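Student: Okay, handing you the structure first.
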């Protein structure tokens, strides 16, 4: 969303430059007033450049719709990332031509007040347990045929790669949290067994669907209740974003889409551990 339109004085300025001042500028060039002409022209160009630049600084998007196109292409998992009038709005830095997988949010998400059950059957307060820790959160389900296991495996492999360069105490600060969108089937035991094959250090959370849905919504992630088709196949429609929280502010300041690769996470994790922009 572009902000303020150019000032109304621009038309007068252009008219003056093209008509009345044209003679003065030419005369100035011939009589020694070249400096004034160049100064006026320079200031006018700077004004135009500043206005155009200010338009490019920020674009505002509905966070839930940032990855709609990618999410709708999912098989089995479903999209669920469409427009939601109640979803929070995220301001993101617009970097023309950037190929970065990470989207840095100018207005970070507040960490959700989400109390669920971990794979050991114990209560887990997401906000309290991850306070001051670099944290990545993803919403998905264990029966997902594609994007969920791919995303979690990408994170797990990237973590192993980063472990080659960082000390154990540094990496131990990282929290990767997987919240199920299909809590009826993803019991603590089922969730634990699934995550064990990916990375046993990942924190798996399950609980009441409405609670999970509300927590995801505060991060601009839409989750629909699981549905069953005529053949009995259950599908969970959900957004596919990974949100990274800063250990400095606890704000969700970086967003990744399903197209983020192992290489993307490997490159960015050291910075995320410090709360720096990737």
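Any Cβ shown, glycine's included, is placed from N, Cα and C.
Below, the features straight out of TrEMBL:
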- 1-56: region 'Disordered' (REGION)
- 11-37: compositional bias 'Basic and acidic residues' (COMPBIAS)
- 105-274: domain 'Thioredoxin' (DOMAIN)
- 144-148: disulfide bond (DISULFID)
- 144, 148, 238: Cu cation binding site (BINDING)
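Give me the lay of the land around each of these features.
Tutor: Look at residue 238 (Cu cation binding site): DSSP puts it in a strand.
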Student: Using a 10 Å cut-off, grab the number of neighbouring Cβ atoms around the Cβ of residue 144 (disulfide bond), all chains included.
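Tutor: Looking across every protein chain shown, the total is 25.
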Student: Summarise the model confidence on the domain 'Thioredoxin' (105-274) as a single mean pLDDT, whole number.
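Tutor: Across the residues of the domain 'Thioredoxin' (105-274) the model's pLDDT averages 97 on the 0 to 100 scale.
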Student: List the Cα distance (Å, whole number) between residue 144 (disulfide bond) and residue 238 (Cu cation binding site).
Tutor: 11
